[in-house]
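A.B. asks: Take a look at this one; I'll ask things after.
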Amino acid sequence: MTKKYVVALDQGTTSSRAIIFDHDANIVSVSQREFTQIYPQAGWVEHDPMEIWASQSSTLIEVIARSGIHASEIASIGITNQRETTVIWDKQTGKPVYNAIVWQCRRSSEICEELKSQGLEAYIRDTTGLLLDPYFSGTKIKWILDNVSGVRERAERGELLFGTIDTWLVWKLTEGKVHVTDPTNASRTLLFNIHTQSWDKRILEALTIPESLLPQVKPSSAVYGKTRIAGEGGEISIAGIAGDQQSALFGQLCTEPGMAKNTYGTGCFLLMNTGEKAVKSNHGLLTTIAIGAKGEVNYALEGSVFMGGATIQWLRDELGLIRDAQDTEYFASRVESTNGVYLVPAFVGLGAPYWDPSARGALVGLTRGSNRNHIIRAALEAIAYQSRDLLDAMAKDSGVELKKLKVDGGAVANDFLMQFQADITSVEVQRPAVTETTAMGAAFLAGLAVGFWDSTSELKHRADIDKSFMPSISEEQKDELYAGWQKAVSQTING
């Protein structure tokens, strides 16, 4: 049969999805399943790797069955994933030795402090482009090796494998035949030299991590292996891998230096492509690996906010202020302002540009007149304020004053948030017609690897803009609002 489709597996922090795209990059079918969030104690976040696999494999089977497409019509599968989340498993049985430690988890803070005391902070920053923070995989691996009975001994005997979620899924899809990752995911481990594009022996020694645990690093657009899980029709090539944020950057076709996007998901992630130059940040951002127009390694500046959409989940699940995330736009629009209320959602510390794991959330400026609408509006505004923090830092590091910001992720459907983002940054915010840019990036990579598409120039017609949001408030208003935010943040950092 003719190859007519590409499948993207989008393994996120709260759900696993499978999306089928046709040759025009239109969405044909979608399947999604949520999975359990595990919070063993304050600041700890885990997932069950087997539940992730069950949810992801079932969506793949379901999306093909639901669409009526024959597996033989699928050219390839691309994978995009929550980054940094850490899985270690037995290479013979395939059984994880512990739950996956999620990117949000802060349990390895003491390990980070220990590395700082050894004087390794500058070396790690220069080599990996990352900060010494519990966010990244390296210290999570060490925590498992040091704290789960018998695991270090098994690792040193070569019995175990490590992977971020992309690696885990490829290993499962290929029935244990393939242990790989790509440069975008490798660059988030704290173990990868982004300049030589290889695992760094000095950091591995400092963390006492056996190199035998680590996957082979292959290009983001390449055939890694085949899977038989998708039903009748033979094997399907697995041909694209990218961490979720780099995948979104590629899906938005930000393949040239100076192009940037912000993804509004569980967290918020602002990335700017810097081309072949790895720009070192002096303002709390990360230097990471991105993907160029031909699938080659590019570099990017990245700012990460831990609590984006997760802040809205908190309003719903813990406070009961809303029934659905979509309700926030209605409630926020019922008041002219927050009336001085600011929410700083530092529930698991603060990410870029502050990097303070000890910061805790705060709701400030409350008066007797403060109500549900003010708090909900403050939660939405907090997402935009945190993104403004990143944008300011990026401009200082890169020397580029952004005029346009491409956006994607679930929260971009919220017109109130998008307009406030434009207002508080004085930047035009562009929402694409197809907002599934993270999955689309994985599909593009997988399709390009097998010749389903010839080049990214063939894909540029998919970059249509649904709506542009232009700044609409005065500089004075903007500065006053942002000063209030900065004051609120300072209270969470300084106690």
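For all residues, glycine too, the Cβ spot is worked out from N, Cα and C.
From Swiss-Prot, for reference:
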type	residues	note
BINDING	Thr13, Arg83, Glu84, Tyr135, Asp244	sn-glycerol 3-phosphate binding site
BINDING	Thr13, Thr14, Ser15, Thr266, Gly309, Gln313, Gly410	ATP binding site
BINDING	Thr13, Arg17, Thr266, Gly309, Gly410, Asn414	ADP binding site
BINDING	Arg83, Glu84, Tyr135, Asp244, Gln245	glycerol binding site
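Each of these features: where is it, how hidden is it, and who are its neighbours?
C.D. replies: Using a 10 Å radius centred on the Cβ of Arg83 (sn-glycerol 3-phosphate binding site) and all shown protein chains, the other Cβ atoms total 27.
The C-beta environment of Thr266 (ATP binding site), restricted to residues of the same chain at least 6 apart in sequence and closer than 8 Å, consists of Gly12, Thr13, Thr14, Gln104, Gly308, Gly309, Ala310, Gln313.
DSSP assigns Gly410 (ATP binding site) to a helix. Within its own chain, Gly410 (ATP binding site) has Tyr264, Gly265, Gly309, Ala325 as residues 6 or more apart in sequence whose C-beta sits under 8 angstroms from its own.
The secondary structure of Tyr135 (sn-glycerol 3-phosphate binding site), as reduced to three states from DSSP, is coil rather than helix or strand. Cβ-based neighbour count (10 Å, all protein chains) for Tyr135 (sn-glycerol 3-phosphate binding site) stands at 29.
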A.B. asks: Of the binding-site residues Ser15, Gln245, Asn414, which one sits closest to Glu84 (sn-glycerol 3-phosphate binding site) when you measure Cα to Cα?
C.D. replies: Gln245
A.B. asks: Within 10 Å of the Cβ of Thr13 (sn-glycerol 3-phosphate binding site), how many other Cβ atoms can you find? Include all protein chains, please.
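C.D. replies: Here the count is 22.
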A.B. asks: Taking the Cβ of Gln245 (glycerol binding site) as centre, how many other Cβ atoms lie within 10 Å?
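C.D. replies: Counting Cβ neighbours of Gln245 (glycerol binding site) within 10 Å gives 30.
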A.B. asks: With every protein chain in view, what's the tally of Cβ atoms within 10 Å of the Cβ of Thr14 (ATP binding site), excluding that atom itself?
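C.D. replies: Thr14 (ATP binding site): 15 neighbouring Cβ atoms within 10 Å.
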A.B. asks: Could you give the maximum C-alpha to C-alpha distance in Å for the residues Thr13, Thr14, Ser15, Thr266, Gly309, Gln313, Gly410 that bind ATP per the record?
C.D. replies: 14
A.B. asks: Quick check: which same-chain residues outside Thr13, Arg83, Glu84, Tyr135, Asp244 lie with their CB within 8 A of the centre of the sn-glycerol 3-phosphate site CB atoms?
C.D. replies: Asn81, Gln82, Thr85, Val102, Trp103, Arg188, Gly243, Gln245, Gly267
A.B. asks: On a simple 10 Å Cβ count over all chains shown, which one of the binding-site residues Ser15, Glu84, Asp244, Asn414 is most densely packed?
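C.D. replies: Output for this query is Asp244.
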